[in-house]
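Trainee: In case it helps, Swiss-Prot gives these features for our protein:
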type     : residues                                                                                                : note
ACT_SITE : Lys37                                                                                                   : active site
BINDING  : Glu12, Ile13, Gly14, Lys15, Thr16, Thr17, Asp54, Glu116, Gly117, Ala118, Gly119, Pro205, Arg206, Leu207 : ATP binding site
BINDING  : Thr16, Asp54, Glu116                                                                                    : Mg(2+) binding site
BINDING  : Ser41                                                                                                   : substrate binding site
Amino acid sequence: MPAFFVTGTDTEIGKTTIAAGLLHAARSAGLSTAAAKPVASGCEPTAQGLRNGDALVLLGQCSLALAYEQVNPLAFAPAIAPHLAAREAGVELSAARLHEAVREVLALQADFTLVEGAGGWRVPLLGRENLSDLARLLALPVVLVVGVRLGCINHALLSAEAILGDGLALVGWVANVVDPATSRLEENLATLAERLPAPCLGRVPRLEEATPAAVAAHLDLRPLGIGL
């Protein structure tokens, strides 16, 4: 069943917003959905344990019954880079450990599954490992979320180059307009469309309420081989 790894050009560029929109679009098409965000920092303490807002959003778009711990098995309180948060907590943040956790979700064989990374493609894990090593172990096709703002062309092209260089397929990208005041917005988007070696799945404007349904209205899953 189709499964994809979602990465971004940076942190705070709307990966979860776009991932939730993609999941909503798949659910609206009658597909069963599942998701994983294997590691997250900046989690809030609750009576049930640490909870991450982004992971909860993804959980809300899963049609299959998943426990929070399946979606987000490694949660850390400090809002810092995951490898630093893990080090402070005395937790071994290895690609192999994250891989085992994600495989549990993939084994559910939902019609449409997303695995969302943290930050960008080269976020550090244990030792010399990066989050990209998890993506390589999973061997999933990649969807790149481009946070459209000043500098995004360089970030997007470098990310695409790294993804392809790691031997993975870049199967789509989404333009998420995080700064609508970006100079030469249309020309920047045209350059991205020309230079990125994958189809654009949609252009999401800055929305007053970026609900999964509102975001899904701007997305197209057909380039991923999912007919709607």
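Even glycines carry a Cβ here, placed using N, Cα and C.
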Trainee: I need the most crowded of these binding-site residues: Glu12, Glu116. Count other C-beta atoms within 10 angstroms of each C-beta and give me the top one.
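Mentor: Counting every other Cβ within 10 Å of each candidate, the maximum falls on Glu116.
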Trainee: What recorded positions in the list Thr16, Lys37, Arg206 lie within 10 angstroms of Glu116 (Mg(2+) binding site), counting C-alpha atoms?
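Mentor: Matched recorded positions: Thr16, Lys37, sequence order.
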Trainee: Quick check for the class: what is the C-alpha distance, in angstrom and rounded, between Gly14 (ATP binding site) and Ser41 (substrate binding site)?
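Mentor: Gly14 (ATP binding site) to Ser41 (substrate binding site), Cα-Cα distance: 16 Å.
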Trainee: What whole-number Å value do you get for the CA-CA distance of Glu12 (ATP binding site) and Ser41 (substrate binding site)?
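Mentor: Distance between the two Cα atoms comes out at 13 Å.
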Trainee: Give me the Cα-Cα distance between Arg206 (ATP binding site) and the residue listed as 'active site', rounded to a whole Å.
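Mentor: Just about 24 Å between their Cα atoms.
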Trainee: Have a look at the binding-site residues (Gly14, Gly117, Gly119) and report the one with the fewest Cβ neighbours inside 10 Å.
Mentor: Gly119
Trainee: What does the structure give for the C-alpha distance between the residue listed as 'active site' and Asp54 (ATP binding site)? Integer Å is fine.
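Mentor: Distance (Cα to Cα, whole Å): 8 Å.
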Trainee: In terms of DSSP three-state secondary structure, what is the assignment for Gly119 (ATP binding site)?
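Mentor: In three-state terms, Gly119 (ATP binding site) counts as strand.
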